[in-house]
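Feature annotations, courtesy of Swiss-Prot:
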type	residues	note
TOPO_DOM	1-32	topological domain 'Extracellular'
CARBOHYD	N16	N-linked glycosylation site
TRANSMEM	33-59	transmembrane segment
TOPO_DOM	60-68	topological domain 'Cytoplasmic'
TRANSMEM	69-89	transmembrane segment
TOPO_DOM	90-103	topological domain 'Extracellular'
DISULFID	C102-C180	disulfide bond
TRANSMEM	104-125	transmembrane segment
TOPO_DOM	126-143	topological domain 'Cytoplasmic'
TRANSMEM	144-164	transmembrane segment
TOPO_DOM	165-187	topological domain 'Extracellular'
TRANSMEM	188-215	transmembrane segment
TOPO_DOM	216-231	topological domain 'Cytoplasmic'
TRANSMEM	232-259	transmembrane segment
TOPO_DOM	260-275	topological domain 'Extracellular'
TRANSMEM	276-293	transmembrane segment
TOPO_DOM	294-342	topological domain 'Cytoplasmic'
Amino acid sequence: MAEYDHYEDNGFNSFNDSSQEEHQDFLQFSKVFLPCMYLVVFVCGLVGNSLVLVISIFYHKLQSLTDVFLVNLPLADLVFVCTLPFWAYAGIHEWIFGQVMCKTLLGIYTINFYTSMLILTCITVDRFIVVVKATKAYNQQAKKMTWGKVICLLIWVISLLVSLPQIIYGNVFNLDKLICGYHDEEISTVVLATQMTLGFFLPLLAMIVCYSVIIKTLLHAGGFQKHRSLKIIFLVMAVFLLTQTPFNLVKLIRSTHWEYYAMTSFHYTIIVTEAIAYLRACLNPVLYAFVSLKFRKNFWKLVKDIGCLPYLGVSHQWKSSEDNSKTFSASHNVEATSMFQL
């Protein structure tokens, strides 16, 4: 949703004609840029997360705690991106879907945002346990699977509870056009604090602590697996920092009511960093599923089953993959305690 909508009048109402002209230019830019980005994220997120869900449910037996998380993560991201077409339309025109849909979509949007971030945190902690406490983790897989399902249920419940302010106070109001949001300073402060804590600082802290120990552990290991795992760790950290840090920093600056907030350039920064932050819903399937050898193998099974292999010209690759299945099976026990089950 367009974060700037709730505040767009605050920074411009008292400005001169020149500033009003800049404001109109900004509105024109936002009407094109944000809806286009929303639709790109929607299409890519819909395809990527749907693939992960289909493969996880129909082609992959849940064998580890990470598998449980990797069913819930694309589900949360998938529902999240399905709200974006509504915000895209509202960005171009105005909110026409009524108050009930406003509260519903705000709730869905927020619940799945928190769920996605909390599951990312759990995946990070699980990887820490798998790598650093490999033997113990392998011996307690059955118990961890049960706990994983309980944890995922708790995550959805917690996400619902912390989303209640948006659901209760979300409303349709008029700021030059009809907008769906919440226009209460206290509620905005509570929402910001919750989003920053659960949606940024908690997963960031988990990544810093857990991945630091994981890297130290892997550096004492050897072979190809170590180097591959280290590359993926740095990629995960880089993507999270590059996509989430700018937007959260902008939200912090906006909450201080610093004078720079009233400048037109800051409003451009808000919507650009927001669009970048939403890219996580497209990148999560790549970072947390497609890096897995097992997942890629099941992906080609899906492609074969729907009859696309001849058209893609990959029948040779599929045959090669089938020939290597014994090698894959032989290495399964090693993968069970590896960094990303690669």
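Using the three backbone atoms N, Cα and C, a Cβ is placed for every residue, glycine included.
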### Message
Considering only Cβ pairs within less than 8 angstroms, which of the stretches 33-59, 104-125, 144-164, 188-215, 276-293 has the most against the transmembrane segment (232-259)?
### Response
188-215
### Message
If we skip the immediate neighbours and take only residues 6+ beyond the ends of the transmembrane segment (104-125), which ones have a Cβ under 8 Å from one of its Cβ atoms?
### Response
1, 66, 69-70, 72-73, 76-77, 79-80, 82-83, 86-87, 97, 151-152, 155-156, 158-160, 162-163, 166-167, 170, 180-182, 195, 198-200, 202-203, 206-207, 210-211, 240, 280-281, 284, 288
### Message
Are there residues at least six beyond either end of the topological domain 'Extracellular' (90-103) with Cβ under 8 Å to its Cβ atoms? List them, or say none.
### Response
2, 30-31, 34-35, 38, 167-168, 170-172, 177-180
### Summary
Within the same chain, the residues 6 or more beyond the ends of the topological domain 'Cytoplasmic' (60-68) and with Cβ under 8 Å of it are 123, 126-127, 130, 141, 144-145, 147-149, 152, 294-295, 298, 336, 341
